[in-house]
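According to Swiss-Prot:
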COMPBIAS  334-353  compositional bias 'Low complexity'
LIPID     C322  S-palmitoyl cysteine
LIPID     C323  S-palmitoyl cysteine
TOPO_DOM  1-36  topological domain 'Extracellular'
TOPO_DOM  62-73  topological domain 'Cytoplasmic'
TOPO_DOM  97-110  topological domain 'Extracellular'
TOPO_DOM  134-152  topological domain 'Cytoplasmic'
TOPO_DOM  174-202  topological domain 'Extracellular'
TOPO_DOM  225-252  topological domain 'Cytoplasmic'
TOPO_DOM  275-286  topological domain 'Extracellular'
TOPO_DOM  309-353  topological domain 'Cytoplasmic'
Amino acid sequence: MNGTEGPFFYVPMVNTTGIVRSPYEYPQYYLVNPAAYAALGAYMFLLILVGFPINFLTLYVTIEHKKLRTPLNYILLNLAVADLFMVLGGFTTTMYTSMHGYFVLGRLGCNIEGFFATLGGEIALWSLVVLAIERWVVVCKPISNFRFGENHAIMGLAFTWTMAMACAAPPLVGWSRYIPEGMQCSCGIDYYTRAEGFNNESFVIYMFICHFTIPLTVVFFCYGRLLCAVKEAAAAQQESETTQRAEKEVTRMVIMMVIAFLVCWLPYASVAWYIFTHQGSEFGPVFMTIPAFFAKSSSIYNPMIYICLNKQFRHCMITTLCCGKNPFEEEEGASTASKTEASSVSSSSVSPA
């Protein structure tokens, strides 16, 4: 084995010289330069500085403006709530441990950080599944006269949290476990060991099949069918120009969220699977640290995509920030009016980008 395994940790360094210490008790500066830990702490501070205000603003603006409280936006708000959980429960913990160079908060802190990071990522993934299914049903119309309503949105929310908990909670109760990873200042699922009594192998396989491969397959199927339907509708001119534009722009926004999710999480998932299938092989602490911390940036991309691509939300946000007045009223107001008209015509009954 090209690492050192101990009680509830795995350090990617062979302890031939006796230098390796528990990441819960001692700084891990023998792994990388101390400056790297300072850089990680600064990075986490930046994510908190950006992630908390932008996600909180997304929630506040939607609550403040009644016209934004549409069923589809319930799912988008669900992403903001999940991101806030990651920021408050995970990022603050990781920033603090990075500043100390080891997981100074112990096993409890490791469980909290690992749980919130996993929960947030899974809520994002399953929310994208619900959005993809909604787009497919509304645009492709496999169910005639279907209208995505408030009850469907609430069921979608319950589904995303149930599935996310089914992935994030088991390591807390003994099916696998959360341990420090990479530079030992953030925690994740134990892909590294076959520790007796934790059944890591079965959990990792379960997680990759049920909580990564299957949801992504559903997403790709829905959007594959959706893109074909949009092209066919455009060619046949079956819908009004306003409705087609509305559906296309909502679809574009959700597809951008899927692409951003893959950019953030696919490197982490790929490295995790490689480590799991090559347990005992040699890899450095940075090998897992970079994709793990890159994945954490997912907390800011959803609201940014939403703000950039949804003119109605952007108009409401500017109005809120400017104390009820929009200095770009003429430009934004005209766009919002046209989008609101599109919303009333659209069979999805949403306020699209």
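Each position is counted from 1, following the chain as shown.
Cβ coordinates come from backbone N, Cα and C, glycine included.
Keep in mind that this is a model prediction, so the values were computed, not measured.
Counting same-chain residues at least six beyond the ends of the topological domain 'Extracellular' (275-286), those with a Cβ under 8 angstroms from any Cβ of the stretch are 1-3, 12-13, 28, 31-32, 36, 182-184, 191-194, 204. The Cβ of C323 has fewer other Cβ atoms within 10 Å than any other of the recorded sites C322, C323. In the three-state DSSP reading, C323 (S-palmitoyl cysteine) counts as coil. Residues 3, 5, 8-12, 23-24, 28, 31-32, 36-37, 40, 94, 97-98, 100-103, 110-111, 113-115, 117-118, 272-273, 275-276, 279, 285-290, 292-293 of the same chain, all 6+ positions outside the topological domain 'Extracellular' (174-202), place their C-beta atoms under 8 angstroms from a C-beta of that stretch. Proximity of distant same-chain residues to the topological domain 'Extracellular' (1-36), defined by a Cβ-Cβ separation under 8 Å and at least 6 residues beyond the stretch ends, is recorded for 100-104, 106-107, 110, 177, 179-180, 182-185, 190, 192-193, 195, 280-288. Residues of the topological domain 'Cytoplasmic' (134-152) grouped by DSSP class, helix first, strand second and coil last, total 10 helix, 0 strand, 9 coil. Confidence for the topological domain 'Extracellular' (1-36), expressed as mean pLDDT, is 89. Long-range contacts of the topological domain 'Extracellular' (97-110) within the same chain, counting only residues at least 6 positions beyond its ends with a Cβ under 8 Å from a Cβ of the stretch, are 8, 23-29, 34, 37-38, 40-41, 44, 178-180, 184-187.
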